[in-house]
Each structure stands twice: as structure tokens, then as C-alpha cells.
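Chemist: So that we are looking at the same thing, I have put the structure below in C-alpha cells.
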Amino acid sequence: MENYNQTSTDFVLLGLFPSSRTGLFLFILIAFIFLMALVGNLSMILLIFLDIRLHTPMYILLSQLSLMDLNYISTTVPKMAYDFLFANKSISIIGCGIQSFFFLTMAGAEGLLLASMAYDRYVAICFPLHYPIRISKRVCMLMITGSWIMGSINSCAHTTYILSIPYCQSRSINHFFCDVTVMLTIACTDTTVYEYTVFLSTTLFLLLPFIGIAFSYGRVLLAVYRMNSAEGKKKACSTCSTHLTVVSFYYAPFAYTYLRPRFLRTPTEDKVLALFYTILTPMLNPIIYSLRNKEVMGALRRVTQRISPVKM
């Protein structure tokens, strides 16, 4: 067994960008995506807050999704940019624990929230008369609170574990953030049992919600097929296809990464897949929901007219 240094508290994040023009191009591209994600998600949160017509469970859930995405991308990209600009890739074990905690909290909470949004659309389309009762604002707040709390509890358990195990002298993390599963590769202790808990968490927070989403949209598609109104079919399909697009970008690479055994994973593949659920999805969510949603575009026009200078 390798020796390990219990006094050193620093890890080294090897990062995503190579020291070349390609690395500079990737850095500029990701910085641009980060800015788009910030502007898009902040705009969505502000728009839903300012327009009273969007104060419905569907859009309250959407505002929470934007808030989670905002925190999600802010957990990884600023540190990655700092490392590239200042050539300082070290991170303390406490810093790694904090980054891991927020990342896992957002990941788990967003997985549950997306399932809640699917249930919201299922009730709205399949049981429209019961919608005000089944998805009241109280129920909506319970779903949001439950997502945050369960995500935090799960994250706290995993973060506590990675902060308590010994690490080898080679403390290089071949990733651009403190990913729990990658940190296990440099641990100087047997982590086989813990890896099963990672699999269990992934099942609870990703696989089961995805099954729930698939069931909800299966019922939705059946209800849409039975609709007599062509306009109703078009509106329902538009709303559901929007959500399914978001779900695909988020769940597929995430589940593929964390449900595979360690010996089937490669650092390069993990980094590429992580780009989808940590950087691309937070940027795409507000774009997808705003461009393909007439109510959001209408709210944007109303708010813009309200705050724009009065014409002379």
C-alpha cells in the first residue's frame, strides 16, 4: 500500500484546459457559457418574481430550477477559471469538501425537482380539474423544500465520508472539480462498501426520479393522443417536449457516469460527460424554457414595457 501524508491538506485539480491554444479557446468558450448561464438564470428568476401571471406552481418550480442551476454552475466554473488564470491548481481538503457539498446538494435537489416538474405537467394535462387541489402552492412549496432538504442530507453524508478518509501522497485529482468518485481513486483505504452507497444514492436521486418522469410522460402522451383539440395537443406536446429536452441533457450523462463501475470509467470521458450536467445544462435550461414558452415570452414583453422609459 502507498504511503499517505496526513499532515498535507492540499489536493491538486488537474483541470480541463491543456496549456496550449486549445486550452485558451476552451477557457474562453466556457467563460462565455458561464456568463450566458448567469444572465439567463438570473433573468428567469427575476422575470417570474416580477410578473404576477407567472406566480403559478409550474413557474415557481421553474424559478427554483434556475436558482439551482445558478448555484450549480457557480460551484465549479469560478474555481476552474481561477486555476487556469493564475496557474494555481491546489485546493485544500476543506475547500474540496465545500465544493463537493454544494455540487452534490444541487445535483440531488435538481434531480428531485425535475421529477416534481414532470408530476406537475402530468396532473395539469391528465387531471386538469383536480390540478388546483393536487398542485396547490402549499404542495408546490413542499416539493421544493423536500428537494432541497433531501439533496442536502445526501450531500452531507457523502462529504463527511470524503473528509474523514486518508489520502495517499499523490493527491492529484484528475478532474476540474472535487468529484467524490474521482477522489476515491486516491484514497489509501478500501472504499468498496462506500461505492455501493454512491450507487444507491444515484439510484434514489437519478434513476427512480427518471422512472417517475418516464411514467408521467407516458401517461401524458396517452392523454394527448386522446385529445380532440388540435390546439390542446400542440400546447401539451410543446410543454412536455421542453421538459423532456432538459431531462435528457441532465439525467443521461449523469446517470451514465455514476452508475458505471470504476474499472469502466476513464478520466477523459468523465470530464466530457461532466461538462453536460455541470456547465451546458445550466446554460441551456433558461434558453429552452424561454424560447419555447409563449407565456414566458409574453411576461418578458410585459416586464420590459413596464420598466422601459415612457415614450415622449
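If you go along the chain as it appears here, the first residue is 1 and each next one adds 1.
Yeah, the Cβs are placed from backbone N, Cα and C, and that goes for glycine too.
So TrEMBL lists the following for this protein:
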DOMAIN    40-289  domain 'G-protein coupled receptors family 1 profile'
TRANSMEM  24-50  transmembrane segment
TRANSMEM  139-163  transmembrane segment
TRANSMEM  204-224  transmembrane segment
TRANSMEM  236-252  transmembrane segment
TRANSMEM  272-291  transmembrane segment
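Show me how these features fit into the structure around them.
Modeler: For the transmembrane segment (24-50), the residues of the chain that approach it from at least six positions outside its boundaries are 16-17, 59-60, 62-63, 66-67, 69-70, 73-74, 77, 80-81, 84, 279-280, 282-283, 285-287, 289-290, 296, 299-300, 303, 306, judged by C-beta separation under 8 angstroms.
Beyond the ends of the transmembrane segment (272-291), by six or more residues, the same chain brings 16, 30, 33-34, 36-37, 40-41, 43-44, 62, 65-66, 69-70, 72-73, 75-77, 103, 107, 175-177, 179, 242, 245-246, 249-250, 252-254, 256-257, 297, 300 to within a C-beta distance below 8 angstroms of the stretch.
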Chemist: Over the domain 'G-protein coupled receptors family 1 profile' (40-289), what is the model's average pLDDT?
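Modeler: Mean pLDDT, the domain 'G-protein coupled receptors family 1 profile' (40-289): 87.
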